[in-house]
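According to TrEMBL, the features are:
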{"type": "TRANSMEM", "residues": "B:12-32", "note": "transmembrane segment"}
{"type": "TRANSMEM", "residues": "B:38-56", "note": "transmembrane segment"}
{"type": "TRANSMEM", "residues": "B:63-81", "note": "transmembrane segment"}
{"type": "TRANSMEM", "residues": "B:112-135", "note": "transmembrane segment"}
{"type": "TRANSMEM", "residues": "B:142-165", "note": "transmembrane segment"}
{"type": "TRANSMEM", "residues": "B:191-211", "note": "transmembrane segment"}
{"type": "TRANSMEM", "residues": "B:280-303", "note": "transmembrane segment"}
{"type": "TRANSMEM", "residues": "B:315-338", "note": "transmembrane segment"}
Amino acid sequence: MNRRTWVSAVLLLLVVSVVLAGCGSGNNGNTGENNTGNNTSGAASGNEPAEETSAEADSGDTIKVGVLHSLSGTMAISEVSVQEAELMAIEEINAAGGVLGKQLEPVVEDGASDQPTFAEKARKLLSEDQVATVFGGWTSSSRKAMLPVFEELNGLLWYPVQYEGLEASPNIFYTGATTNQQIVPAVTWLLENKGTKFFLLGSDYVFPRTANQIITAQLGAEGGEVVGEEYTPMGHTDYSTIISKIQQAKPDVIFNTLNGDSNVAFFKQFKDAGITAADIPVLSVSVAEEEIRGIGVDVLEGHYAAWNYYQTTDTPENEEFVASYKAAYGDDRVTADPIEAGYIAVYLWAAAVEAAGTTDVDAVKEAAKGLEFDAPGGKVTIDGDNQHIYKTVRIGEVQADGQFAEVWATPEPVKPDPYLDGYDWAAGLGG
Amino acid sequence: MQLKRLTPQRLYILIGYAVAATALFCAPLYLSDFRLNLLAKFLAFAIVALGLDLIWGYTGILSLGHGVFFGLGAYAMGMYLKLEASGTSLPDFMGWSGIKALPWFWKPFESFAFAAAAGILLPALLALGLGYFTFRNRIKGVYFTILTQALVIITTTLIIGQQAFTGGTNGLTGFRTIFGESLGSADTKRMLYWVTAAALLGAFVLCRFLVKSRFGRVLRAIRDGENRARFIGYNPAIYQMLVFSISAGLAGLAGMLFVFHVGIISPSTMAIVPSIEMVLWVAIGGRGTLIGAALGAILLNYAKSEFSASYPDAWLFFLGALFVVVVVFLPKGAVGLFGKLKIPQRRQSKHEQEPIGHSAV
């Protein structure tokens, strides 16, 4: 044997021992507990660590809460704003005396726009930091990656973004809109106000595909028709082919579920092709105030979006929220729907904990049922059955200043219906 | 391998390996559940790194497409777990996409044995096929590397596009049980950890056997002078195809183990960036040494996990700095650092890995 192998062996030993020693010492706090838990009961169930979690989370002077968003990678640009709003809410609550008389201590982790990382960090927050709850996620795939971890360890996740529905995990609270609080009313509004011929355009991933299935079923039932349906890969920037298809199909309206950079290219090329918002209006469900800044207001003016909250939403709570957000992060910053949803998630959780008198997950879930809160976007109520929240649906038109003007809103907050059980035409969609 | 005389050095190495293996297998005794889960994931990554080292470090073929092989293995096992979790009903995403019956190619994955075999054989066969069309036509170097990247794009696009059959960008997740045992229980996790550790050990022994054998010497000959090897009478294409296929099979095996520990597989895990990351593990650890590749995968992922937990805002800079330091100062990887230390040696080996770029023929 030569030197190199020998050296390798020594190195291996050294490194393995260092790593393992590091692992062992890095979590003195709970190694012992976990081990005893495992040794004493042969069939340690997945619930055990969770019980520890809730017992541990409010035992000190502070209550640890996890904040898990992508701070790096492609989603960072969107998620950082939500993370900031959540941290702001935590600070506000702390300034007002905390929860159950204890200060909240945020544990920030980076999901890195990567599903396995989201799963890993969720597991770390629950079993190692033993946080009382986690606020986090943006993409559906990140939520799907975290869901099994939260169910296994009986954790609590607050997910702040509108999504494609068809889910109601007992361990997740959804503070963003489900389909019947955004897409379905938007389609109805378009049918009544803009025409019946729809062109569906989306990025190629789960949300647009699912959304478009729902829209197709709804149009079939409510007397509309789909004259074209196109998907482009994430980050796609050449829309000339699709724009000529649009020109041929002559739709009354385009329903846009494109995400991220693609919107910049699409709207610019759409305008360059000489099509105005008056000719064919585009309604987007992923373009909010933040995205308008990136896409450019000149190409977006006059087009529509469907959300539950705009920076311009006229409530006293919103005035305060926008002011403190700008004060904390800069005058040039804007608020948007997911930012508001992340912000209210923290308040809803804090209210549920106060009501329950403990951070125990099951008790908090029980206390959260029917909880009401005056959010910046109007009054919200937690639906005890599916852990979504009642939200007001608002259609907004992009103005020259980059803000939305609300052109229509539901008179009352809409009851969340993630599986669209209340719609006959949705029966074939499964779920 | 023939029996060699037991010199002191040899004894030390054996002891070293034995201690390392013991430490690995006893990890559940002194690691928390979370740490054990992390380590298990890293061990799975180490298996990919071993396979990559076989083709890159020893044969000189750079594949930036190993994410695909990893992903295929992971999807094979994921399909089995998904079907077990769904019971008699369809996997949830199929229901949403309007599929009424289980597609024919999902059916065999109800059997664990089939899924496990497919997880290794599918990537191996795909690699064999790709190798057949490339190596036989003497496509090599950067052209081959680009082809592997194309393979990645084709595969991920296909999986995303066929959402009804594959779960699209969300991938497969929501697994519950394996052989009726809950995946969440500590016992199952420990068992799966041991399976992973054993697989890594097995993969290591296999790779070591391969590189020490005559087959391994031919691989190095091809790396250092493909034409010379050809003129001596070897057909490099056969060897390249074979080793590429073995390497892909190992990646598939790693993918299956990954799914057990992480509980999710999606196209983003097999995309271009993860594929390149896999090569980085080998480069940082030290290509051309098996132990370097395996340690590179474990240490780098450990560093990533630790850095990102301690400095969620700045961890990428640390990781980047680490890459730069290793590439600039340690061209042979972390293992090369220790190779520089002078250690007295009594026996000269006749055949060992020459530094890459030297002629071994």
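Any Cβ shown, glycine's included, is placed from N, Cα and C.
All TrEMBL annotations are machine predictions without curation.
Here the listed stretches are B:38-56, B:63-81, B:112-135, B:280-303, B:315-338, and the one with the most C-beta pairs under 8 angstroms to the transmembrane segment (B:12-32) is B:38-56. The stretch from B:38-56, B:63-81, B:112-135, B:191-211, B:280-303 that makes the most Cβ contacts under 8 Å with the transmembrane segment (B:142-165) is B:63-81. The stretch with the most CB contacts under 8 Å to the transmembrane segment (B:280-303), chosen from B:38-56, B:63-81, B:112-135, B:191-211, is B:38-56. Taking pairs at least six residues apart, the transmembrane segment (B:191-211) and the transmembrane segment (B:38-56) share three or more Cβ pairs below 8 Å and count as touching. For the transmembrane segment (B:63-81), same-chain residues at least 6 beyond its ends with a Cβ under 8 Å from one of its own Cβ atoms are 48, 51-52, 55-56, 106, 109-112, 114-116, 118-120, 122-123, 126-127, 144-145, 147-149, 151-152, 155, 159, 166, 171-172, 175-178, 183, 244, 247-249, 251-256, 258-260, 265, 267, 269-272, 274-276, 278-279. Long-range contacts of the transmembrane segment (B:38-56) within its own chain (CB-CB distance under 8 A, at least 6 residues past either end) are made by residues 24, 27, 31, 62-63, 66, 70, 189, 192-193, 196-197, 199-200, 203-204, 207, 210-211, 219, 243-244, 246-251, 253-255, 257-258, 260-262, 278-279, 281-282, 285, 287-290, 292-298, 301-302, 305.
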